[in-house]
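Visitor: Got a structure here, written out as structure tokens. Questions coming.
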Amino acid sequence: MKIKEIKKVTLQPFTKWTGGKRQLLPVIRELIPKTYNRYFEPFVGGGALFFDLAPKDAVINDFNAELINCYQQIKDNPQELIEILKVHQEYNSKEYYLDLRSADRDERIDMMSEVQRAARILYMLRVNFNGLYRVNSKNQFNVPYGRYKNPKIVDEELISAISVYINNNQLEIKVGDFEKAIVDVRTGDFVYFDPPYIPLSETSAFTSYTHEGFSFADQVRLRDAFKRLSDTGAYVMLSNSSSALVEELYKDFNIHYVEATRTNGAKSSSRGKISEIIVTNYEK
């Protein structure tokens, strides 16, 4: 594939990811500071805003190691990743999916290379129920096979374009707790937090994007980090659910109410229009 062909590809998420921000991009764009220095996204997820902005100098992070490995392999081994995904596409079936899914139960996953692990996750997210990433308490992937007639498992042009973009810019890829991702934030930098949301009801479970979860204590710790970054002179933006708890946590900052469309969730009732909050430490 020629570089000039790659440049025509619009950068966008390479995988489905729960809580993705594609539907909210028009609103978020209106709230972004006009100019900023370095870009930080400590909960990058599928990277909808990251790819939309395509910053030249950025730090991206997530606490999901399997997801971050996908970013790393797209950067380092795009062609090998594409070839493995082509094999998954050729053999795609419910039986094939369930066999590959069980690799984290019978220790086969420990024998896989990093690029094989990335291809496994990307394949499963493309063909499973609603594109969910969900693991049980043993950190075993447990989402059933989806019912797609002709899923696009390999997007060769997009993977190649993302690889070129990451390699041609000053982009640092991290994995771990959000606080580790913001240690280098300085005055004039822009930080976007998109954490697992505070549930709107007692029956809403905290996310299982990783088997550790994200507690209310973590939400408070995040609010404290938001305040510290604000005090350093950084531009800070955060997304969360439209709830009284979020309003209370961020009462000292600017709160914007928006409507988002959710397209993936374990229950059909969790999809559709929902209210969200975007918090900024600056006026727009």
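Quick reminder: no glycine exception, Cβ is built from N, Cα and C everywhere.
These numbers come from a predicted model, not from an experiment.
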Visitor: Looking at Swiss-Prot, TRP17, LYS21, GLY46, ASP177, PHE178, ASP194 are annotated for S-adenosyl-L-methionine. Which of ASP57, ASP62, ASP155 sits in that same site?
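Guide: Of the residues offered, the record points to ASP62.
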Visitor: Please work out the number of neighbouring Cβ atoms within 10 Å of the Cβ of ASP177 (S-adenosyl-L-methionine binding site), leaving out its own Cβ.
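Guide: A 10 Å sphere around the Cβ of ASP177 (S-adenosyl-L-methionine binding site) contains 14 other Cβ atoms.
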Visitor: Which state, by DSSP, holds GLY46 (S-adenosyl-L-methionine binding site): helix, strand or coil?
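Guide: DSSP call for GLY46 (S-adenosyl-L-methionine binding site): coil, neither helix nor strand.
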Visitor: Let's check the environment of ASP194 (S-adenosyl-L-methionine binding site): how many other CB atoms sit within 10 Å of its CB?
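Guide: Summing over all protein chains shown, ASP194 (S-adenosyl-L-methionine binding site) has 26 other Cβ atoms within 10 Å.
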Visitor: Which residues in the same chain, at least 6 apart in sequence, have a Cβ under 8 Å from the Cβ of TRP17 (S-adenosyl-L-methionine binding site)?
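Guide: Residues satisfying the criterion: GLY45, GLY46, LEU67, LEU125, GLY131, TYR133.
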